[in-house]
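Have a look at the structure below, then the notes.
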Amino acid sequence: MEPQFSVDSSLSVDVVLPPSAGPRAQNHGPVFEEQPSSLIYPEGLTEGKVILSCQARASPAASYRWLVNGTEVPLGLDLRYTLVAGSLVISSPESVRDTGSYQCLAINRCGTIVSKAASVKFGYLNDFPTDSRSPQTAYEGAGTFLACRPPPHYPALSYRWFINEFPNFLKNEKSDGRWFVSQVTGNLYLAKAEQNDTGNYFCFTTINMDISTNPRKSTPSIKVRFPAETYRLAGQTAQLECFAYGNPVPKLRWRKVDGLLPAKSGSSVEGPTLTLPDLSFDDEGIYECEAYNSQGSDPQWLQVMSDSEVEISSELLWSCIAAGKPKPSVRWLRNGQSITRLKISNLALEDSGMYQCVAENKHGTIYSSAELRVQVQAPDFRLNPVRKLIPAARGGQVKIECRPRAAPKPSLFWSRGTELLTNSSRVTVAPDGVLSILNISRADEGKYTCFAENYLGKANSTGHLSVRDATKITLAPSNADINQGENVSLQCHAAHDPTMDLSFKGVSICENIGDLIILNAQLSQAGVYTCTAQTVVDSASAVAKLVVRGPPGPPGGLLVKNVAETSVELRWSRGYDNHSPIGKYVIRGRWALSSQWRQMRTEPSNIEGNAESARVIGLMPWMDYEFQVIASNILGSGEPSMASHTVRTQQAAPTVAPSGLGGGGGDRHELIITWTPMAREYQNGDGFGYILAFKRTEAPTWTTLKIPQVDSSRYVYYNDSLSPYSPFVVKIRAYNCRGEGPFSQIAVVHSAEEGDSCPHAAMFAVPRKGQYNTTITALVKVSLLLLKQSPPWDRWIRYWRQHEREAAADRVRTLGQETSARVSGLRPSTRYHVAVLAYNSAGTGPSSPRTTVTTRKPPPNRRPGNISWRTDDAWVTVRWDHVMALHNESAVLGYKVLYKHEGQSTLKVLDKSRSTVKLLLPKDNSYVVLEIRSWGEGGDGPAHEIIVSRDSGEDPHQFSTASMATVGQMLVLELCETVFDG
């Protein structure tokens, strides 16, 4: 069987015209509004009824008859048959007597039509045999099946199985896919038998009587089409879509009309979406989608006949064309009776009636009907007389129609007064009766009469031709050339016959003036304008061209080529110059860390108006950029081009050194070195880190080490032999996968001071791990040297930012024996100086040496997202998306999962390094409350709270909470007192 195809290579629109809404003749033949449908009736249901619908509109109203298997149904003779309106009702239907094919006939005096055939069949389902079956043995781990052996039935059954007792039905989804019930044979298949599968199995069948005809087969019909033209930039991805209706479901395949399909299209060449990645100029061309299936289809009308009124003695040639697979045959009915062909010559009155064409193949039958009316009538002008007054312009032309009603067609001729008109160079009488007169003059005025005659009679109709002065343009509009935003007036004056009204198309007029005024003209208003002055008899026109000059249009086809470390090449095509030469181009760009468009440096620095390429320089390596081009002329700058696709510049070694190098403080034997982490725009490549070099001031060699973390901002060097407050010189450089950058300037940093030997010394130590609900950015230990028997002095802790004056420092007070203080409200990622002073009633003592500390970056301000979980017996596994830190946030080192069971008052804490956790569910049906948050050096992020129960498949109570998130940055300072004699 040949497959059916539907091919679409361009965009098309199908327009369906509705039936005429105009009034029909007073009398018309039947037209079906409802036809019978096939049905299946349960056998043995003797108290029911079968109803076959039939309804037709007709004037006069139709009467109805019914055929079963071609024989008339004995309405009125068999009381089981009843006619309700046009529908046939069969009471107490029986399979032996009432099975068959039924058709409805609708009849009135205009003719008869026959409905489509509808079958009545009877369904049944016998009982299973009563004999029992022998037990069936299966081996554990092996597959087996149980046969249903359904009883005789019609139509098809649906099958289910239950085990041991009703309604314990087998459900495949709860058996790990081991069970399968065939809906063809009813057999039950078991992939792997297990010990607990032992039992009594029952085959359960059901039948659906609500069945009409088989699904309609149809050839493919493409419904989703791709645009006739698709544009993409080189390097982008194009997707073309195509989808088709059809039964069976059509298959789709793509081809390139003017060449081979690109290999990169892969498996998408046989699917609804053709994907072409990484486009190049070789991919340009015409692509075609083809939909096909291999099955037959019901007949479908391609052309049908329509109601016709024709005159007597003429010829009728109706045609019907149907499509289908296999190709349907077509036959004809007249008033319900078969005729051999539908071509009638010399039509007579008795040929009037109802005609039907019937198309049929093995999949179905379709009907189309139409009414034929054969007309006979003497000529009659009452419905369409010649116009009484016919105005015409001098020097122009006129056409006068003559269209009487008549059947057969009448002979037509014209006269002017008593003069019979014949064809000449100026006067023509067409076969359809239209009288044409050219180059009209005043002498042509007068009465014109049309005469019509056939063998049934004669008639005539007269009109008066009045000749008027012609309309003329007396002042034609002039061409205009203006700049955008200016005003313009296009003048247009005309002369006309004073007995008629004059109008100008599209504008208001003052006497004979039809000037067109355009205010604040825009580029879109440029073009050719036509001034048309018209009366009811003629018109006159004049044209003028309006040029609107303005800034250039946007350049097109912007491409990025030759991407280097700090430069790229741009190419574009000229846009419209809008009638003013392009003077120059400007290139703008934006990058990943900035949403604002900025003018870029270029080579050449000034891009002339005839250029179509330029090089953008001064870019940052390893950065994502977009570009646009703007053209300008003496009238201003135009709209920017579409943005280019995003490109990333090549990687390069770092070109600047880290800043903020310093340090100091710490515990005994420590040297702490700090610096400011480099921002993303200075990293220039991946594999980024720092190279730190330090040595004692008098040492000949440097100690060098690599620190591979991009966010690192400090390094602690520990050595037991390190003397207190020893000076070191330090320097730092950045590196990435492409090389090393320059060293920073040398800074001097001192090792930690010795707390027991230096009055008011201060040492800093960083905690290894933050405490729950606290973001600890620095821990400060201050050792105070006090006199023996001294009173418990109070202290002031002073702190200020690195670039502030000490005089502007903030203070925190500690009382008596307190050895710690909490400083809050600090800025993240900021260097602070700290000093401690003791005081009593006699005044304030000297300050301790200042110490410097850098606060941590804040934690990510985002809760873990996309949380999902799955329960398995007594456990629940929860997963979430990893929280990615931004460049100005501290890195995520892990997650804190807080949980409690229903009824518990305290939360338990789990630290997880991965974004998944497995928890034990409570044995009862209670629920578990979880909070999940990220943590790192900067503290804890905001929490995501969920509620999980054993029987929940989704999270109906999911909400977020920030009640446990850290607010601000803080320092925790510990003050340690040391007492000595003297």
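Just so you know, glycine gets a Cβ as well, placed from its N, Cα and C.
Unlike curated records, TrEMBL annotations are generated automatically.
Pulled from TrEMBL, these are the features on record:
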DOMAIN    30-121  domain 'Ig-like'
DOMAIN    129-219  domain 'Ig-like'
DOMAIN    220-294  domain 'Ig-like'
DOMAIN    299-373  domain 'Ig-like'
DOMAIN    379-466  domain 'Ig-like'
DOMAIN    471-549  domain 'Ig-like'
DOMAIN    554-652  domain 'Fibronectin type-III'
DOMAIN    657-754  domain 'Fibronectin type-III'
DOMAIN    766-858  domain 'Fibronectin type-III'
REGION    843-868  region 'Disordered'
COMPBIAS  844-856  compositional bias 'Low complexity'
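The stretch from 30-121, 379-466, 471-549, 554-652, 657-754 that makes the most Cβ contacts under 8 Å with the domain 'Ig-like' (299-373) is 30-121. In terms of DSSP secondary structure, the domain 'Ig-like' (129-219) contains 6 helix, 28 strand, 57 coil. With DSSP states grouped into helix (H, G, I), strand (E, B) and coil, the region 'Disordered' (843-868) comes out at 0 helix, 10 strand, 16 coil. Mean pLDDT, taken over the domain 'Ig-like' (379-466), works out to 93 on the 0 to 100 scale.
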